[in-house]
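Trainee: Annotations for this protein, taken from TrEMBL, read as follows:
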type	residues	note
DOMAIN	1-143	domain 'NHR'
DOMAIN	216-370	domain 'NHR'
DOMAIN	444-484	domain 'RING-type'
Amino acid sequence: MDTTQKAVKRQASFCNAITFSNRPIVIYEQVRLKITKKQCCWSGALRLGFTSKDPSRINPDTLPKYACPDLVSQSGFWAKALPEEFANEGNIIAFWVDKKGRVFYRVNDSTAMLFFSGVRTAEPLWALIDVYGLTRGVQLLDSEIIPPDCLRPRSFTAIRRPSLRRETEDTRLSVSLCDLNLQEETFHVTATTCPIPQNSLNSQHSHLLPSQLESDLRFHHLRGPHVKILDDQTVARLEHAREERTLVFTSRPLRINETIFVKINKSNAVRTGTLSYGVTSCDPSTLRPSDLPYNPESLVDRKEFWAICRVVVPLQSGDILGFTVNSDGELHLSHNGAGIGMQVCADCSQPLWMFFVLHGAIMQIRLLGSTILAERLGLSTPSSPTSTPSSPTVLCSGVSGPLLSTCGSGPLCSSISGTAPNSPSSLPESPISPSVSGPWGDECTICYENMVDTVIYSCGHMCLCYSCGLKLKKMANACCPICRRAIKDIIKTYRST
């Protein structure tokens, strides 16, 4: 806190910085503050509200870390989180309460908006300001009184009367010093690592995240025209109700065994649909916005590798998804710490960018970061092909170059045939029968007529022609003729000669 007791700055972590005004606030008095410091590595923003408890009688040691939901669960405290998009440096936030207990706020000179209601106005009220998350520093400005006859929020925007300002020294607002309860903790943030906050918005899931995440991952500047990229290229927001041309890409290719964490920032339960995602060998830098189709399935006409799936589990705001591509080219998904299983099989010998398609109920997502550490949201990356996912697997096979496989809620997503990929997918060795060295076998083990050109997933045996493979896959309880393991899919291969 500065010497004027008007400006405060959180010194460490992302929380534990609840402050109050030094005197009670009168009805219709605007508490005006300026955001002086923003720290982009956190989630969540400023919390604003009121309390009927005299701060001078509060023991700082009894204050919780979070105003929401911890403090507001106690009697006499009311607060709510400011939307993250308003928590930018230089913004001036004004908030006040009317005689009906309704709290309004506005940003700079924008239209006043209803914040929340239910405040008891029969008692003296002190302003409550939680310097939280993205917001690291704030400064109190001179307060202003809103005339009681201006009851409609839209009428508040033009009120700026100097005669109503409180100019005397004894009535000026400042921050109560006893309420900035800062911990004496060491906190280091480097340019490439960023700890994840255990905040009230995602506290039910964030304990499953690694202690540190790489923060170099961003959304690529190339995006669909109906998507807006915010907050240092880490947030993608759907701008319109239309669901076409809403693709966003990662700014760089994925690393092997790297887990990318994505948070569902905003969802709309009224709408149907969920988040789609996938991987591609196409460098987004080589594309133009006009190249992005209205329907992502149209990408099948391109020469690069494209594979796309949908998240089949229900999603809601605050959920955290983890995506990992292992050394076998398998993309695994986790949801709030629970492994969903392998979703897409891709060729990881070439660079792979990840992309997302916002549509349906998913309105906004955030890239939290990535890690290649062992701790990963409980992902069940199989050490051998005998491992089975904890829930039905959705498989998109990289059979062809111009491939876009759309996975629904069914157990399997069939392959789409086409031209050969730029390089063949790496195949896992069978734990039962070792892979055969030397030249490929010539005859199919079923028909003994056609040449062998098909690999069985997931055991990796290459012992069939494509025609027999298709027939075998359609049979009930289809299994590999070599090891008798269940057939998840068949992959046609192409010789380089």
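FYI, residue positions are counted from 1 along the chain as it appears here.
Just so you know, glycine gets a Cβ as well, placed from its N, Cα and C.
Caution: TrEMBL annotation is automatic and unverified by curators.
These figures come from a predicted structure and were not determined experimentally.
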Trainee: What does the DSSP secondary structure composition of the domain 'RING-type' (444-484) look like, as residue counts for helix, strand and coil?
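Mentor: Split into helix, strand and coil, the domain 'RING-type' (444-484) gives 9 helix, 9 strand, 23 coil.
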Trainee: Summarise the domain 'NHR' (1-143) by DSSP state, stating how many residues are helix, strand and coil.
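Mentor: Per DSSP, the residues of the domain 'NHR' (1-143) fall into 12 helix, 58 strand, 73 coil.
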Trainee: Looking only at the domain 'NHR' (1-143), what is the mean pLDDT?
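Mentor: Mean pLDDT, the domain 'NHR' (1-143): 90.
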